[in-house]
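A short write-up of the structure that comes next.
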Amino acid sequence: MNTQLPPKQRIVVGLSGGVDSAVSAWLLKQQGHEVVAIFMKNWEDDDDSEFCSSRQDFLDAASVADVLGIEIEHVNFAAEYKDRVFAEFLREYSAGRTPNPDVLCNAEIKFKAFLDHAMRLGADRIATGHYARVRHNPATGLHELLKGLDPLKDQSYFLHRLNQAQLASTLFPVGELPKTEVRRIALEIGLPNAKKKDSTGICFIGERPFREFLNRYLSHEPGPIKDDRGRRIGEHVGLSFYTLGQRKGIGIGGLKEKGAPRGGGEHEPWFVARKDLASNTLYAVQGHDHPWLQSQRLSADDASWIGTVPQPGQGGLAAKTRYRQADSACAVDALDAAARTLSMSFPAPQWAVTPGQSVVLYEGEVCLGGAVIAAADQRA
């Protein structure tokens, strides 16, 4: 559903080494466009580390470019990434929040630094392998960001900070396809990375243990872990290493002798429920459905709207408070466009609403934008 293009345009594709961007480049070539590829290097440290895949990703991207008969350029955006994305990532973790760097990376690197570089190369548009769609609405004159047609792969959540100029210059060729079809095409045309696994995790961390990585950049102070009755049940290694809803790695499994706090039986797993920075205390509760893990109201800041701004009292809205979550009906209770803040409520309780993560709003299949969760109520 991308805007209809003239017969031939110069399109610069962000070729990551993965199958989605590779098939995107092939589809554009099939449509008769002049396609040029750029491989973005966004993280410079540890190139020789067992956890870093950047070198192999570039080799895969170069192999794809060779098969497709297109030029590829290796561009280093590591300095921009550290200044615009990683520095904010560390600030948020230091403040006890859990940021989503992929959202900021898209807005600041892939659709700003990369877009600017592509335009200097004479590009008419850029393209990436994201599962999303762009549509021009003639009634409003606005470009709209739509969910990808594959509900299991939709990445509009991570793209909600894009603006009108960025959307007008961007194509998402695989957004109209299910992932299974993308894999089929890759195998059929003989792409060398057709069977490559999808990347997971935060791009600059790779496959390394998260705690090990974060420990290199943030100071930390151990402190008590308490349950919902205020009883000490363990010790944490530093609040920055934990996020709300976390189950693994808390270090208090098997404490059945502590009894059964509200919402969970004595054999149920423990979850991180609260972080108190003032007292350096981590709170954990037993049971997925514990009241402390349920919220129906939240406040958010740093709001970014793609086009139409949702209004208090507007019906038909839904939201996600984390990626891969099903849309949940919501209401905007208050919104300050100048301050870029909003407060929201949900008819149904939301699980482990986490400060620092994004709340993204939708009207049907249209992504309206979103904001960074500042705080959420927790049922007593």
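For all residues, glycine too, the Cβ spot is worked out from N, Cα and C.
Noted in Swiss-Prot for the protein shown:
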type	residues	note
BINDING	Gly14, Leu15, Ser16, Gly17, Gly18, Val19, Asp20, Ser21, Met40, Gly129	ATP binding site
DISULFID	Cys105-Cys203	disulfide bond
ACT_SITE	Cys105	active site, nucleophile
SITE	His130	site 'Interaction with tRNA'
ACT_SITE	Cys203	active site, cysteine persulfide intermediate
SITE	Gln357	site 'Interaction with tRNA'
Tertiary neighbours of Gln357 (site 'Interaction with tRNA') (same chain, Cβ under 8 Å, six or more apart): Thr98, Pro99, Asn100, Thr321, Arg322, Val372, Ile373
Assigned element (helix, strand, coil) containing Gly18 (ATP binding site), judged by DSSP: coil
Site extent for ATP, whole Å (max Cα pair distance, Gly14, Leu15, Ser16, Gly17, Gly18, Val19, Asp20, Ser21, Met40, Gly129): 15
Rounded inter-Cα distance in Å - Asp20 (ATP binding site), His130 (site 'Interaction with tRNA'): 7
Residue among recorded positions Met40, Cys105 with least C-beta crowding, 10 angstrom cut-off: Cys105
For Gly18 (ATP binding site), nearby residues of its own chain (Cβ under 8 Å, 6 or more apart in sequence): Asp57, Asp60, Gly129, Asn193, Lys196, Asp198, Ser199
Per DSSP, three-state class assigned to Cys105 (disulfide bond): helix
Distance from His130 (site 'Interaction with tRNA') back to Ser16 (ATP binding site), taken between C-alpha atoms, in Å: 11
Between Met40 (ATP binding site) and Cys105 (disulfide bond): CA-CA distance (Å): 12
